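Novice: Here it is: the structure, laid out below.
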Amino acid sequence: MAPGHYFWAIFYFACLCSASLANNAKVNFREKEKKILDQILGAGKYDARIRPSGINGTDGPAIVRINLFVRSIMTISDIKMEYSVQLTFREQWLDERLKFDDIGGRLKYLTLTEANRVWMPDLFFSNEKEGHFHNIIMPNVYIRIFPYGSVLYSIRISLTLACPMNLKLYPLDRQVCSLRMASYGWTTADLVFLWKEGDPVQVVKNLHLPRFTLEKFLTDYCNSKTNTGEYSCLKVDLLFKREFSYYLIQIYIPCCMLVIVSWVSFWLDQGAVPARVSLGVTTLLTMATQTSGINASLPPVSYTKAIDVWTGVCLTFVFGALLEFALVNYASRSADRAADIQRENMKKKRREMEQVSLDAASDLLDTDSNATFAMLRQCEVHMQPPKRPNCCRTWWSRFPTRQCSRSKRIDVISRITFPLVFALFNLVYWSTYLFREEEED
């Protein structure tokens with residue numbers, strides 16, 4: 001065989017050996033991971049019931065750093081005073097018992113999916129109402145163990161949390177909903193929670209809420225002391241601002257329209273009783289239905305809300321328009337009754353005067369003819385029929401004033417008074433509650 005053939009044969013054999021060694025190295029690398037897990041978590045070598053040591057291996061408390069990623073906020077319920085959130089919860093601590101060789105930097109971390117294999121902080125959400133894990137397609141949880149003994153626990157959870165609300169400025173309000181996390185059994189002598197340095201809370205971009213806007217969030221500590229000790233606690237406050245445009249379109253503008261429609265009766269004729277009564281009753285019932293619908297979506301509270309003031313005043317204006325027609329109708333009927341009584345009195349006086357004149361004339365018939373004739377002529381003058389009354393003057397005389405009747409005057413005053421008072425109420429209402437909203441901000 002030629003020397004060149006030997007060279008190529010040796011080169012081909014060397015390539016096969018190097019490929020085989022590379023494959024063996026990969027297999028051995030995965031086996032190395034298994035050996036490391038068995039070594040650090042094997043029976044009799046690691047006890048998950050014992051908490052890690054403190055900083056630098058001291059007997060101090062274990063330090064657990066927390067960070068959150070808010071994925072979505074589904075609902076914020078005013079009537080139940082709660083909100084639902086989905087988040088990725090992460091906590092990280094140092095457990096020197098889990099240190100291992102990283103094989104020259106090739107093994108960055110080990111991954112577990114069973115949380116019971118290592119010690120876990122006994123954290124719970126103190127204002128939680130309901131919660132569940134996510135298991136589709138696989139449980140959304142992992143544990144990473146780093147070469148220097150650091151443990152990272154990450155899980156995706158959905159929570160329904162209590163959110164006590166102050167609705168005095170509703171719907172011009174802002175609400176602060178908290179997420180509280182605390183240790184259930186370990187006191188601060190054994191376990192301390194800290195926020196991760198840098199950016200402990202992250203929120204998904206383009207977070208959309210139906211009736212709220214997330215303005216900002218703040219992290220803080222809320223350690224609590226009980227008769228069993230002091231427990232570490234963390235909280236994040238989410239500041240929500242209510243979107244006013246929805247309530248402006250659904251509540252405020254319709255209420256204004258109902259109030260203005262109730263004023264139409266001031267321009268209707270006083271005799272149009274069915275029209276004015278129907279208009280007043282219809283607007284009153286509609287306003288009452290609107291108020292009931294608003295209160296049905298809110299919890300019963302002991303204080304007055306801004307929306308209560310608005311609906312109450314609007315309902316009062318509508319009811320006042322209905323009462324105004326009752327007053328107009330009463331004044332009109334009283335004026336007609338007074339005019340009828342006056343006419344009857346005038347007729348009675350006229351008849352009495354005619355009777356007196358006839359009696360006087362009969363008494364004078366026994367006197368001399370000249371005197372009798374003169375007296376008769378005088379009686380004829382007094383007994384002349386009255387002049388035909390002027391229709392306009394008679395109609396005008398029914399009114400107690402020169403310009404218009406009392407009932408008509410009530411309508412005219414109402415046309416000016418109701419809009420002016422309602423405009424003044426709007427000025428006071430919006431300036432008061434918007435100013436209070438700025439103070440709270």
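Glycine is no exception: its Cβ is also placed from the backbone N, Cα and C atoms.
Fair warning: this is a prediction, and the values are worked out from it, not measured in the lab.
Residues or ranges marked as transmembrane segment by TrEMBL: 6-25, 244-268, 309-328, 416-435. Annotated domain 'Neurotransmitter-gated ion-channel ligand-binding' per TrEMBL: 34-242, in sequence order. For 251-357, the entry in TrEMBL reads domain 'Neurotransmitter-gated ion-channel transmembrane'.
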Novice: Restricting to the same chain and to residues at least six past its boundaries, which positions have a Cβ under 8 Å from a Cβ of the transmembrane segment (309-328)?
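Specialist: 251-252, 255-256, 258-259, 262-263, 265-266, 270, 276-277, 280-281, 283-284, 287-288, 290-291, 294, 407, 410-411, 414, 418, 421-422, 425, 429.
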Novice: Would you mind splitting the domain 'Neurotransmitter-gated ion-channel transmembrane' (251-357) into helix, strand and coil residue counts from DSSP?
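Specialist: For that range the per-state counts are 93 helix, 0 strand, 14 coil.
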Novice: Quick test of the contact rule: Cβ under 8 Å, at least six residues beyond the ends. What residues does that give for the transmembrane segment (416-435)?
Specialist: 169, 172, 259, 263, 266, 306, 309-310, 313, 317, 320-321
Novice: Note the mean pLDDT of the domain 'Neurotransmitter-gated ion-channel ligand-binding' (34-242), expressed as a whole number.
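Specialist: So the average pLDDT across the domain 'Neurotransmitter-gated ion-channel ligand-binding' (34-242) works out to 91.
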